[in-house]
Amino acid sequence: MKLLSCILLLTLALGWAHSQGGGHPPHEHDYDLDRCKGLEMDAVAVNEEGIPYFFKGDHLYKGFHGLAELSNESFAELDDHHHLGHVDAAFHMHFEDNPDDHDRMFFFLDNKVFSFYKHKLEAGYPKDISEVFPGIPNDLDAAVECPHPECANDSVIFFKGDEIYHYDLKSKAVEEKEFKSMPNCTSAFRFMEHYYCFHGHMFSKFDPKTGEVHGKYPKEARDYFMRCSKFSPDSDHVEREQCSRVHLDAITSDDAGNIYAFRGHHYLRKDDNDTLTSDTIENDFKELHSEVDAAFSYENHLYLIKNNNLYVYRVGEPHIHLDGYPKPVTEELGIEGPIDAAFVCEDHHIAHIIKGNQMYDVELKVTPRKAGNERPIGPFKRVDTAMCGPGGVKVIIGNHFYHFDSTKLLSSARSLPEQHKVSLELFGCDH
């Protein structure tokens, strides 16, 4: 009877374990999942939409902020085929000559390589690294794509210790290189046509052809690639906000031409002499604390929207928060939140409100205010923020902006105009 009870208990325990973990033992990790505490990432790559994926152990961080999730929730077959709980290296393939490989995400684990397209494992994978990339060793540290003309030909750069391999995708030729000025990379990725080598929780920007590092490097990765409320003690706050790769939450310019760019817990101010200053939102707009959804300027006042509330400040040193605010957005602007972007153009009394893929007009001289003239925002599915100035409208998505001479041209556009870099062309960051 005692033996039968033991067998029954063992059977129940095994059944419970299988239901909880699909037959695999749970992953264990000895690191804090808070990306703002200076994680050393195992691999970094962008997906098909250009969103960076940061891998640490069996977890994945999508974009520049947000909580970690298990990698196998997005790439299930990694667990099915190779239950290691980590990724050695990853990159996003750029090779238009071969449609079967172009725009795929490649992952490397020990001696295997996986090819994913839109989060689905390609037929025939995983394969040996030597089969897909002959001449490239196993147990890689990092990999990054290098399309022409940034490299002589469409290539992939592989890193293993201090060994560097340039792999020509067309000829399959391998050229070993020596990047003397670079530290050993624990992960690497290409973003906005720049190349970054991560080593520990620091990073260096490098020339993919020579490995040369120019400028003041290494720098703290979380200062530029993570949306954190606090930064490293050595961080240059102005340069960080000027050159951050994290998208803006809101942007506007006041009547004097000063630009205010909000990101997370901080904001950057650029005056009409192009002088940059940075501070926390808490210091200068204490009622808001952090994280502005949208902003616009009207008659020497800043209108800042957070969640479903509108805060109004009189421009000055310091900015004066008006009594009676915040007030509900529905009461003040006649539209339900959340709002993605808002702007007012010069010599007009209309606030243009962007919500999802639609734009609305709110006449600010009329009471009660009501949102009307609903229309699409041209070729965009969504935007991060937008602003209007003497030259027209700038629509910002990620690290790029698109210029339109007027709101009419924005709403009627059917294709994307030329793309511009936010950090370079708005704030003068050249690295």
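The backbone N, Cα and C atoms fix where each Cβ goes, glycine too.
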CYS388: disulphide-linked cysteine among CYS243, CYS345 [source: TrEMBL]: CYS345
From CYS185, CYS197, CYS228, partner that TrEMBL gives for the disulfide involving CYS36: CYS228
Tally of residues which DSSP labels helix, strand or coil - the repeat 'Hemopexin' (183-228): 5 helix, 19 strand, 22 coil
Residues from the same chain, set at least six apart from the ends of the repeat 'Hemopexin' (245-288), whose C-beta lies under 8 A from its own: 64-65, 191-192, 224-229, 237-238, 294-297, 299-300, 302, 304-306, 311, 313, 315, 318-319, 321, 325-326, 341, 343, 384-387, 389, 396-399, 422-423, 426-428
Cα-proximity to ASN184 (N-linked glycosylation site), 10 Å cut-off, over disulfide-bonded residues CYS36, CYS197, CYS228, CYS388: CYS197
Cβ contacts of CYS185 (disulfide bond) (under 8 Å, same chain, 6 or more positions away): ASP141, ALA142, PHE159, CYS197, PHE198, HIS199
Disulfide-bonded residues listed as CYS36, CYS197, CYS228, CYS388, least Cβ neighbours within 10 Å: CYS36
